[in-house]
Amino acid sequence: MPVPSHVSVATLQSVLQTVCSTGEPAIIAPSSFLGELDTVVDEVKRHGMKLASIPHGGITILPPVPISGTELFDFCAEYCKAQTHEERLAVRHKINNHNFLMQDPLLRMPCRQLYNPADYVLRIVHLCSELVSASEEEYHGAYGVAPLLHINPVQDVCGKLRSMFQSGSLYVKPWILEEEEERREMDESNRGVLFNSDSFGNGRGGSSISSSERSVDENDVADEDLTGEEVVDNATDTVVEYLSEKDFDVVTESGIFYDDSGERVHAIYLRGGIKKELCQRAAIAIEEAATTKNLRKAVNGGKTNPETGIVGYYDYLNNPTQRKCRETEFTRKNWSSVVDSCEPFLVALNKLYSECAPTHYKLQRIAIPHHYQLFNTVFSTMTVNRNFRTAVHTDRGDFRSGLAALCVIDGVFEGCHLAIKKLGKAFRLETGDVLFFDTSLEHGNTEVHNFDYCWKRVSVVCYLRNGLMSQICEMERRRWLQKQMLKQRLLDRSRQSVINLNATDPNLPPIYLPGRLLEVLSPVQQAALGFVVDRLSKGNGCVIALTMGLGKTLLSLALCYSHMYDQNPRDVLILAPKIVLTHWTGEKQKWEKYGLVFSHFVVSDGTDSVSFEIALKRYKQQLNGELPRTSHVFVINPEYIRTVLKKLTGFRPSLIIVDEGHRVSSKGSKLKDWLEGLRCTARVILSGTPVQNNAEELYRLIGWINSDVHSVLPPRVFTDLAGTINRYINGDDSALAAAVSAQRYIQEWMCSYVFSVMKTDLPPLNDYIIICGFSSIQRKMLEDHFGMEGIDGLTSIKASEHRPYHLSTHPLCFLGFISGVYKSLNGNHKLTPEAEEELESQEYASQLYSLTEDDIGLIDECLSLVNSGFLTEFVGLSGKMTVLISILHSIREKKEKAIIFSQYVGSQDFISRTLTSFDIVSSTIRGRDCHERRRRTIEKFREDEKITCLLLSTQIGAYGLDFTAANHVILWDSWWNPQVESQAIARAYRRNQTRAVIVYRLASEFEDTIVLKTQIRKLALFRCIMNEEASRAVPPEELLDCVDTEEDEGRRFLWRSLKKSYLEGGAPAVSKVFRHGDTVRSESWS
């Protein structure tokens, strides 16, 4: 069944339903949708189906194999052994009567299963019997056309039978295999360290994931490679030039080479750095890894594939393989010889690295996961090149805070120097010479002098692959450890106790959690927890950048529990904005029933609190030795931290967690200075939006968790990279290539410091920008109060200017704001900085303005309209109010709920009063509300079906709250920082949301469109840095109105009706509707 080249989510689901229902394979041609390949693979794997990389240029989706590998081998061997037709019929009869355990499909099936799984198995058995005695040519011919030969366990079974046939031992009884399997599992269990395979059992570091994992699940085999070959370092660039020796200064003496500023190391050259005998021993073992089976023709002049290969570990993130992060095929098959010959070489190279570049080495040692270390070095991977004169290129995917190590290990040749264009130097390398260098710089080999004669040059580049530290690899690793725990029945025994998640690998730092908590921790949270604990165990910190709604608070509480699970008392300091302190308290109480209990959990928002003062007094007594010492968790408002530290002299937390940690990135932040005084290096930053206004924020965040990064990537260099990206975002198309290069570098650089998950497995999000019109009265007020004859007269607006937002709400709201009517709504409570700014602006406006007779007449007219029941005419004075009422009527008809965010007290109050007039039941959360009142309001909103919407402040309600009872989000006004609005949307669009979420961004033709331009530029920057995309802001004139292309019939009707609704003065209530996703244009650069 062929499928179009571009596959939407709906189409893909339909294809999977067809395959699952009928048992018929489906073929997809991926040539034009390579960016969607990971999505296809993930969906197919999630439903237990299989992928094969044929036909050429395509992928075949097959139904799950309904039988284990052992059972399949038994049937195939018995069928092949049969000598008569009757014996084969007996085997077929046995298969037909077999009890196949079919998985319940996760898909919603249109009908019952329409095929017999026995027929599927018989097809496999017959295929293997036909090929068991075939020649190699016949077998390879079949491999090119038979998808079943590309999947496991079929591939393994056929290969095993062919090997047995060729050796004359075809009739080995199946029970022998089972006995061997049981004995191997028992041996591993007795060793106590299931994680180490035979090849790594000597404690030299770096365990073999795939070899041991195959014993756990035969259907999850690391050898399965759906491309038919291991796609390593796929060079897709255009063919580039070769370098000539005459254009460079040839370096023959050891030395260190810096950039022009003298701050940044580009290369370190060492003559005779490694003994020749060590090099030559290594060459004997790994030279054969260099083959022409690769995709690097572009860096070999574009003519043929060079002789090159990979030894060690690799991240096959772009391959449709079941295992992404694992050893290469050569490593698996030749490990014993690699161990004997390469270990001394790599250990010597590792020592040399630590001595010559200690800062780079330290950062690389912190970054590399233990299970990917080759012989306990800082190298995960070796690229072996034989007679390979590389053209100019940069190496992608290397650890950017470290250096790669190039060494010639064997050969007879002249020339072929390694030249670095930016340095203008070519380094002469003979056997034993070493060059540590920055592989992000353009480099290549000069000509070979004796090319016409017999020459040989074998070199190896040793480095750390960034992808091995990715969240994909971390999640794979976590799944593997969990399987090992299930195998040892540790999870079953721990449901009522505390368990160490890393118990099966003693080389990993322990992660202690209540057994019951594992039931609710998502795979992403467990992977992030493993990442954090690994970094903390090495005396370093990290940034946890999970998109909103993925559970950063629960993750942090679990981290605190594990960190404090020690006989020695430890203290944790959590800094959280005042508006989310109640959320922390609520989460702590919520998870107590799962065993997440803390003896002392002290929360303070900075206000006078008797309970807080009592807690501080007792803690001081513990520090002074008057009471027994116990562990404490302090959750403090950052604005109050200075006062707390003054009261707690001698307070030394062993872990600092900063929630909404982007605040630490502010220039000249006093908070950073105060935290530095605590002398705690274990620092964790939580942020769904680590990049908000500029790329330098991310640089400062990472610099705070590890200041060493500044020495390997100076601020000036990072600023230049960020500036290149900004040029492209702001419309300079000529900067695209440079921007992509800068993005890639920053992405690779941040990988080892930031655990980032920006995508979620949630229902669809439909996000719209609705351009609302102005009534003639609003336009006149615009002219009278802002001195403009038209809306197009303003091209900029100050962030402190609040009057336009109240005008776009409604003329009556505007008059109330500038005359001070809403002042009384603020009460006497302490205001947030935003509310204080609004109040100051309001007071300033009221000092300059008194209501005129026309204003008073308008107020009387508005009140008359309301009192007379002419509500449509009343809201018709404002485009936004007209749109809001129509949207809420539509939501109420569907018996759904909405949350409405606005920055301004005046707008919130006006909306609330208007909704009451329309009999639309709503609730409101104010900044001054106490925790208990806020909790009751939220609970009532969730449970009371009569309540249609909840009104709250963008600044207060955008953090920490869970409103998944609502699936509509209305953003009443726009704010300069788009991540504040992203936080607001995440109150509804988060874990536990089961329905599609619709976002309505109500934008006036005046102030909102100006703010949106700034928002979109910042959003493009965020996508550039946090996602592998070249993103830029789309000019407003290029945006397309989506009313007529809207797929949802209900929304299409709503948009059209709003366009046909007219305001006072005759302007339409809505002029255009855009999809928010269309405002940023992105291209994948991976």
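Quick reminder: no glycine exception, Cβ is built from N, Cα and C everywhere.
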Same-site Fe cation binder from H266, H443, H449, H563, given that Swiss-Prot records H393, D395: H443
Where Swiss-Prot places motif 'DEAH box' among the ranges 291-294, 659-662, 663-666, 991-994: 659-662
Other CB atoms within 10 A, centred on D395 (Fe cation binding site): 19
Integer Cα-Cα distance in angstrom, T547 (ATP binding site) to D395 (Fe cation binding site): 30
Fewest-neighbour residue among binding-site residues, criterion Cβ within 10 Å, set H393, H443, K552: H393
Intrachain C-beta neighbours of G551 (ATP binding site), sequence separation six or more, cut-off 8 angstroms: S522, V524, Q525, R991
Inter-residue Cα distance where the pair is L546 (ATP binding site) and D395 (Fe cation binding site), in Å: 28
Alpha-carbon spacing, T553 (ATP binding site) to H393 (Fe cation binding site), which is rounded to whole Å: 43
Residue pair L546 (ATP binding site), H443 (Fe cation binding site) - Cα distance, angstrom, rounded: 36
H393 (Fe cation binding site) - helix vs strand vs coil (DSSP): strand
Pairwise Cα distance for K552 (ATP binding site)/H393 (Fe cation binding site) [Å, integer]: 40
